[in-house]
Amino acid sequence: MSLIAQLRKQNPVVLTVANMVTPADVANGLNVLGASPIMSKAPEEAEDMVKIAQVVTINLGTVEAAQRKEMLAVMDAAQFLEVPAVFDPVACAGSAYRTQVANELLNKYHFACIRGNAGEIAALAGIDWQSHGIDAGSGDGDLTAIAQKCAQKYQTVVAMTGAVDIITDGQKVIKVPFGSPLFAVHVGTGDMLSSIIAAFIGLGGSVLEAAATACEVFALAGQAAANKTQMPSRWYDMFLDNLYQADDQLIAAWQTELQKED
Amino acid sequence: MSLIAQLRKQNPVVLTVANMVTPADVANGLNVLGASPIMSKAPEEAEDMVKIAQVVTINLGTVEAAQRKEMLAVMDAAQFLEVPAVFDPVACAGSAYRTQVANELLNKYHFACIRGNAGEIAALAGIDWQSHGIDAGSGDGDLTAIAQKCAQKYQTVVAMTGAVDIITDGQKVIKVPFGSPLFAVHVGTGDMLSSIIAAFIGLGGSVLEAAATACEVFALAGQAAANKTQMPSRWYDMFLDNLYQADDQLIAAWQTELQKED
Amino acid sequence: MSLIAQLRKQNPVVLTVANMVTPADVANGLNVLGASPIMSKAPEEAEDMVKIAQVVTINLGTVEAAQRKEMLAVMDAAQFLEVPAVFDPVACAGSAYRTQVANELLNKYHFACIRGNAGEIAALAGIDWQSHGIDAGSGDGDLTAIAQKCAQKYQTVVAMTGAVDIITDGQKVIKVPFGSPLFAVHVGTGDMLSSIIAAFIGLGGSVLEAAATACEVFALAGQAAANKTQMPSRWYDMFLDNLYQADDQLIAAWQTELQKED
């Protein structure tokens, strides 16, 4: 059975430690794909929440002292209960504080996957990169090599997303050449993707395949919507509705019909 | 005058102690019906906020230590000022911590109404029920009897929402057989309904009638939208726009035209 | 070059200390206009965040103790780094606590602009005004005189928004007669406008002109959408899509075609 079919059948529970800006988008993105979103802010219930989850996502987007404690409590439980986790290092190079929390999490825990843009992944890999707010920024260097270096450093799967998504376990590389610039216009699509990658990982198979499949379904649904409209609000609605409808047949049709980015 | 006409005329102010995921949906749901949403996180202003509100909603969705204090401060003021309150025990059986906070609130304060799914209401009633994340889960037992037991235990009106909504004061039972599975696809519709029930209660009449009317208008608007589209994003927009238009005439038309669930 | 063209070219970074209800709307409103939204909750990173921002917005909407500290940390950094700031005094007269925090901020720091409704601006100006929740409330008095008094008191530009927006530096007055009652139906349009005013201020020119231009583009985009639909969800989508498309030509067409409020 394909991963998307498994997702709709197994309805994995995804516990997201979310940022304050886009939790509704993250939850709705999981919902339309058939996963079950849960969110929590209380360290007191971290272990109980992890127990009912198949997978955890940690989002660095608006971390502060209380949420850092929540992240540690959730990851302690996830490590103990052997529940896989995804890390979204939002703007991790944007402040010394974020860098510090990101390093603390990465040094203390193993993540099955890290999902970020090129600037974030480069920063984690220890490569100098011009970052501009929460955007990817610009920089030189072979993106694939950066993603691989980051994956090797943290013994994880890296999903570096952008015009072309690069998913790698440090050796093998899968590229997803679909997408749309409209993803960058709607705030929170990156946060959604991180939790959707988690949902696929929660099925229990290969992490590399799970992450690549999540990126591909996400990018195809968005590009198919962008073929119908270039207006961001209409696009976002059609994108979500495409995710809701996505099955083997529709995904195969999108793969055939959509123009790949060079 | 019908309750919906009163709502649009009186514009009751609803103070919601909201979860972090869906506050915008809750506020917009109140707004399109003509109620006035306010939200607050500071115990320092709890009494002032309750003073300008006709009704209060406490949502357990992402409770943590600071918000628990806010809930207590708001309920202290509501009890003192005799402002009615609605409780939404989101995932109250999902963790020992949530169970504890829910019990603390229910033991310390009287709520005019509790709105939850079958799993949540069963847990509050002390009946064993399989819960799965924030969803209703599955279980046996007569749903009406569970709702009545919960209402009797807390001397409140219970609105147990699902395929058929069951509203009861422990004796009288009103069933709302309308709705759509799409309600479960959009995160936060339950949170919205709890605050909308509060808005109707804020009009000052019978709590049972207020809760039942809120459930019916909500379910009818959603089912009418589902008759036009099965795509979740389009559905949600049409649902909100239906709520915005809902008046006596439109509600009567929906009641006549829509197929009831068995 | 027009301000809207500059905005799309320079992509100013706007740091918003946001309320918990509408951060996604604020971020998307900035995004569709070409600005770069960032949000943060940690005082530890306030200075780093302000360093990458061209402008800061402080939103009082759901202030509590921890966020008050964040506001102070961000404003300390903004003052030190000479980054201009916009203040949105949401419901500042709604509680003694809010009044106190608003006064603390206004006494301690200089804001380039204050954006609020008539009730909020009147309260800051020290004029008695009937306030009703987060809405403007009703009251007597010459709105322009109130806006001017507030601007003079805090040596700032005031954007008092309503059926007609009044923008003043205390002497000069610019009125924006466009808009739609639908702005009041969607929660968070005021919050969006405050951060969008900030984005225009972040371009570095006249604050009065920046605030007036922001109000005009915002109101025109909303009124143009209201000419197409009176349904709030569809309206909001079209409004955002109008903002996304807004350029010199489209804005001029809206100015010519749309009926002004008397």
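The backbone N, Cα and C atoms fix where each Cβ goes, glycine too.
Taken from TrEMBL, the feature substrate binding site applies to B:Met39, B:Gly188. Sequence-distant neighbours of B:Gly188 (substrate binding site): residues of the same chain at least 6 apart with a C-beta under 8 Å from its C-beta are B:Val21, B:Thr22, B:Asp25, B:Val26.
Following the DSSP three-state reduction, the secondary structure of B:Thr161 (ATP binding site) is coil. Annotation source TrEMBL lists ATP binding site at B:Arg115, B:Thr161.
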Set of same-chain residues at least 6 away whose C-beta sits under 8 angstroms from B:Thr161 (ATP binding site): B:Arg115, B:Gly116, B:Asn117, B:Gly190, B:Leu193, B:Cys215
Chain-internal residues, separated by at least six, CB under 8 A from B:Met39 (substrate binding site): B:Leu15, B:Thr16, B:Val17, B:Ala18, B:Pro23, B:Ala27
Helix, strand or coil at B:Gly188 (substrate binding site) [DSSP, three-state]: coil
Chain C neighbours, filtered from binding-site residues B:Met39, B:Arg115, B:Thr161, B:Gly188, Cβ-Cβ distance under 8 Å: B:Met39
Proximal to chain A - binding-site residues among B:Met39, B:Arg115, B:Thr161, B:Gly188, CB under 8 Å: B:Gly188
B:Arg115 (ATP binding site) - helix vs strand vs coil (DSSP): strand
